[in-house]
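A.B. asks: Take this structure, written in structure tokens, and hold onto it; I'll ask about it next.
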Amino acid sequence: MAEPQMKDDQSVETKSNRFKNGLNWLWSDYSVVIAFIIIFIAASLMSPRFLDINNLMNILMQVSIIGIIALGMTVVMLSGGIDLSVGSVLALVGVLTVTALNATGSVVLAVLSALIAGPLIGLLNGLMIAKGRIAAFIATLGMMAGARSIALYIADGGSISGEVQSFSLISNSELGIVDYPIIIFLIMTAFVYVLMHKTRFGRYVYAIGSNEKSARLSAINVEKMKLSIYSLAGLMVSVAAIIETSRLNSISSSSSGQLYELDAIAAVIIGGTRMTGGRGKIIGTFFGVLILGILNNMMNLMNVSTHLQGFVKGLIIIIAVVFQKRE
Amino acid sequence: MAYLEMQSIYKSFNQVPVLKDVTLELQQGEIHALIGENGAGKSTLMNILGGVHQPDKGLIKLNGQAVEMTSPKKSQEYGISFIHQELNLVSDLRVYENMFLGSEIRNKFGFVNVEEMCRQTTDILTKLGVHINPKEYVRNLGTSYKQLIEISRALLHKSKIIIMDEPTTALSDHEIDRLFDLMRNLKEDCISIIYISHKLKEIKSVCDRLTVLRDGKTVKTGDLESETLDSITHDMVGKSLSEDRMIEHEELGSTVLKVEDLSSPEQFKSINFEIKKGEIVGFTGLAGDGRTELFESLFGYRKNYKGDIYVNGKHVIIDHPKKALKAGIGYVPKDRKENAIIQDLNVIQNMSISSLSHFEKNGFIKGKLEQKKFTYYKDQLNIKVHNPRVTIDKLSGGNQQKVIIAKWLELNTDIIIFDNPTQGIDVGAKQEIYQQIIRLAQQGKAVIVLSSEALEIMKICHSVYVMYQGEISGYFKGEDATEDKIMSYATGSKKEAVPVG
């Protein structure tokens, strides 16, 4: 039979071909890293203050909250879903945390209640999506409106401040020159990275995002997985909410977390995750977050009007997607 | 002279010849049956006529003039309409909107002229003898009406040739009669119909002439009057094709799977069968016979069914594939691309996706263990892959299928179901997959093979069930099975009570 031999074309791969494939692989899987390096170099040429270590730490500090949310968002989007509720949930969890803090006077209990509230709300999202068969976009859109409204109700539309000063130590302490939020962001990145690339959970997420029917026929419990995925996203929001609240020891029920979902989705998309799921990397999101942070920082250093910053961000997102389409 | 002539058509896909010197002649105002087994080349031939595919060689003449069908649009301009098995209507639009989709009548301001379109729609529908409000939404209509709308659309485009692919599969007897009356009326108006069907009785009652395809060749063309059901069946399956059976009669073990009175609304009803250790059981029939739905239910992918399933004598309730797996049932689905492979995972990950617990240590997946196991299956199943870290869609169909089989071998279930295991696979790989199936049975597994290819079933099965419209219409021992026999039960021309137990 000539047939099988012909199809085995991988064996006739030439050396130059392999080099080209290598480049292709680098480009398709890590184009965001290349983009990061280019933007980093450009930034350091354009502004001498950029490379200052304090400035660099400042950037990391600023992106840590969105970064942690974006990690959860990556997992959700890899599974083929989306979570629009993250910003509102951050506000709600923040309000609940401060309320718990003031009621009990205990930082530990406040943190614990935050870490329980977020995943519970995530679980609710998951239930609507997996059991109620509501499209993720719609279910989390509803949660976005609902969570914000409850946060406003509890805080009576305003901000509430913590009465226990030690709570603010979480975001306002440093290890050497590295702020705690940065460390938490790095640890969370490592945690989600390991989860996605070394465990069964991660493998199933990719499988569901790639082909849900095949995944189900491979005896994966897709519904249960979706509950876990949205709960994990909720957990990430909890961590972000603790940092956000602890920064000023206060949370605003109306403005905190506003539009965070868009920044998180932007970071995930810039990081190369496919909108329809199945393809993307945690490392990509990490660098996507950094790119957004550098851009903001650059525009501040160069005195670009804050009103124009959204325009630049939008442009970058669209360029990123155009480049990914080329595959 | 014939109105349409397709002369010496050749067509290959990926160097596999599908049509070899096929000739079809269609007279004006006749109903011409085009028949053949699955894979005989009927669809390819009609797709060439419809402008979807281009022939490698050959000539199409319309009214004596050579024409080239370079696109579906071109074909439509030549007056050819193709009514597919899955109807091409937009169910959220109204009847007249569907009729004029893409060719809306507009007034001088550029707005659509609803009245005119409704009027023309009503005209045509009345001519066909049906009364439907042209402003009705298509989703509210029954299947037979949808079919009528497709036909009306063909008439609206002033089609001279209408191709109908299995138009009666979703229709009741009463509706079929109405369709046939309509077809006879069209014939009077000098419209020619090419009628593709497996149902020989219907063909006999409505068609004038026939062309039989087998293995991409025209084996018969002529008047239907001189033919009998048996002679047509015989032409369809041929006799020289039979190859040797690959299995001997073997001693079978105890009953592993027993199914009692399994039914699902509109899919299948009263299914009873059992299968023993070491046995290969074949299920065959025509498209739409319900066998895939039956086994998807048995595997827990579909939940809407009633009946009892016993595995090794124990009653089991299966409402999720996970439970099926736990009960010891494995399932290699059909339509590999949609149901089996996970395109974005690499070859090794596709092999291990259902059995990750075999490769875990302390909750982490050990890549080395996966790699080692894959190398084992790669040798055992002769999977040809240079770098198993490429995504699985880079592999050829046969190799993809072997990876999916490896996935289920790793799970080591007592019962394993193969749905259309050799779909789109070249001959060499086919043989290897047959051998693997037989090896599984020899190891004492109970194997179920679903296939529409009678030859395949006869080659490797100990016993054969034939399904027709959701019911088991025939059962025989593998050595007694012949293609003629299978075909006559599958087309519903014969039916017998199935021995239970």
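Backbone N, Cα and C atoms are what each Cβ position is placed from, and that goes for glycine too.
So TrEMBL lists the following for this protein:
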type	residues	note
TRANSMEM	A:25-47	transmembrane segment
TRANSMEM	A:59-77	transmembrane segment
TRANSMEM	A:84-101	transmembrane segment
TRANSMEM	A:107-127	transmembrane segment
TRANSMEM	A:134-155	transmembrane segment
TRANSMEM	A:175-196	transmembrane segment
TRANSMEM	A:282-299	transmembrane segment
TRANSMEM	A:305-323	transmembrane segment
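Could you give the neighbours, burial and distances for every feature on this list?
C.D. replies: Cβ atoms under 8 Å from those of the transmembrane segment (A:59-77) belong to residues 83, 86, 90, 136, 179, 181-182, 184-185, 188-189, 192, 195-196, 205, 209, 229-230, 232-237, 239-240, 243-244, 260-261, 263-265, 267-268, 271, 273-275, 277, 280, 282, 284-286, 288-290, 292-294, 296-297 of the same chain, restricted to positions at least 6 beyond its ends.
Within its own chain, the transmembrane segment (A:84-101) is flanked in space by residues 69, 72-73, 107, 109-111, 113-114, 117-118, 121-122, 125, 137, 140-141, 143-148, 150-151, 154-155, 160-164, 167, 233-234, 237-238, 240-242, 244-245, 250-254, 256-261, 264, which lie at least six positions past its ends and keep a Cβ under 8 Å from the stretch.
Away from its own ends, the transmembrane segment (A:175-196) comes close to residues 53-54, 57, 60-61, 63-65, 67-68, 71-72, 74-75, 78, 202, 205-206, 236, 239, 243, 247, 282-283, 286 of its chain (Cβ-Cβ under 8 Å, at least six residues beyond either end).
If you look at the transmembrane segment (A:282-299), the same-chain residues 6 or more away from its ends with a CB under 8 A from one of its CBs are 30, 32-33, 35-36, 39-40, 43, 46-47, 50, 55, 58-60, 62-63, 66-67, 70-71, 73-74, 189, 192-193, 196-197, 263, 266-273, 308-309, 312-313, 316, 320.
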A.B. asks: Checking distant contacts: for the transmembrane segment (A:134-155), what same-chain residues at least six beyond its ends satisfy Cβ-Cβ under 8 A?
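C.D. replies: Residues 76, 81-85, 87-89, 91-92, 94-96, 99, 121, 124-125, 128, 251-254, 261.
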